[in-house]
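Q: One structure, pasted below without further comment.
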Amino acid sequence: MASRFQLILSTFVVIAAVTMLPRPCASIEFHRKLSSWSNGGATWYGAANGAGSDGGACGYQGAVFQAPFSSMIAAGSPSIYKSGLGCGSCYQVKCTGNSACSGNPVTVVLTDECPGGPCLSEPVHFDLSGTAFGAMANPGQADQLRAAGVLQIQYNRVPCNWGGVKLTFVVDVGSNPNYFAVLVKYENGDGDLSGVELMQTGAGAAWTQMQQSWGAVWKLNAGSALQAPFSIRLTSSSGKTLVASNVIPSGWKPGMSYISTVNF
């Protein structure tokens, strides 16, 4: 009986040990799920050390050259530009398939649209500024990497972090007492917006939904004179909300920038 019991016990121990061994396929699948990198394509446009185009389809204008964007920008294929709703979103991009690639990720912000050519040939494509494309290279090999022209890359959506920079609202030059349009820039976190609302001052003031005009510009055609100061409520693409109270003052002027005291 004792020997039979020992045999059964030994068999149980062996089975238990085998069961507890890691399964290669399960382990690989687990790590694949943890990875947030996806495959895409990249080209570059504009000057070799420039910011792509002057402003781009999001409407940021000269801000693309200046800090905090600092020329590290991208024009996105339709799948990530999202008819302008992707403006301001941040991505890490890296390349490994060229000898000049460093393999280290760099962060870019979406400021423009790439509507045709290679941007339609694959699900996700980044047409990077020359500066951003070269930033993926090994030290001293930026020109060599740019000479490749087209790359397969890996990309990852990441939160935007503009340090101490606050939300900025640039009043569109076409605005008037009855029509108000504003460019929103430097949103931390999601970076892109799904909704913008305005509250004017006065009796019965309430939040009024603005409409996306184009790119990162939102508009409200009130049909009657709006009473400033205005508060603006932003909803990010993931549903987070933030209020910039009285950020647009009385006596606002078209073309002027107004900096809030808040950010996501």
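Think of each number as a place in line: the chain as shown, counted from 1.
Cβ atoms here come from the backbone N, Cα and C positions, even for glycine.
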Q: Where Swiss-Prot annotates a disulfide for Cys87, which of Cys58, Cys95, Cys101, Cys114 is the other cysteine?
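A: Swiss-Prot says the disulfide from Cys87 goes to Cys58.
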Q: Disulfide partner of Cys95 per Swiss-Prot: which of Cys90, Cys101?
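A: Checking Swiss-Prot: disulfide partner of Cys95 resolves to Cys101.
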Q: When you check Swiss-Prot, which of Cys90, Cys114 turns out to share a disulphide bond with Cys160?
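A: Of the listed candidates, Swiss-Prot names Cys90 as the partner.
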Q: Of Cys58, Cys87, Cys101, which is closest to Cys160 (disulfide bond) if I measure between C-alpha atoms? They're all disulfide-bonded residues.
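A: Nearest listed residue in space: Cys87.
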Q: Can you tell me the CA-to-CA distance separating Cys87 (disulfide bond) and Cys101 (disulfide bond), as a whole number of Å?
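A: Distance (Cα to Cα, whole Å): 27 Å.
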Q: Give me the mean pLDDT over the domain 'Expansin-like CBD' (178-260), rounded to a whole number.
A: 97
Q: Looking only at the domain 'Expansin-like CBD' (178-260), how are its residues distributed among DSSP helix, strand and coil?
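A: Across the domain 'Expansin-like CBD' (178-260), the residues distribute as 0 helix, 44 strand, 39 coil.
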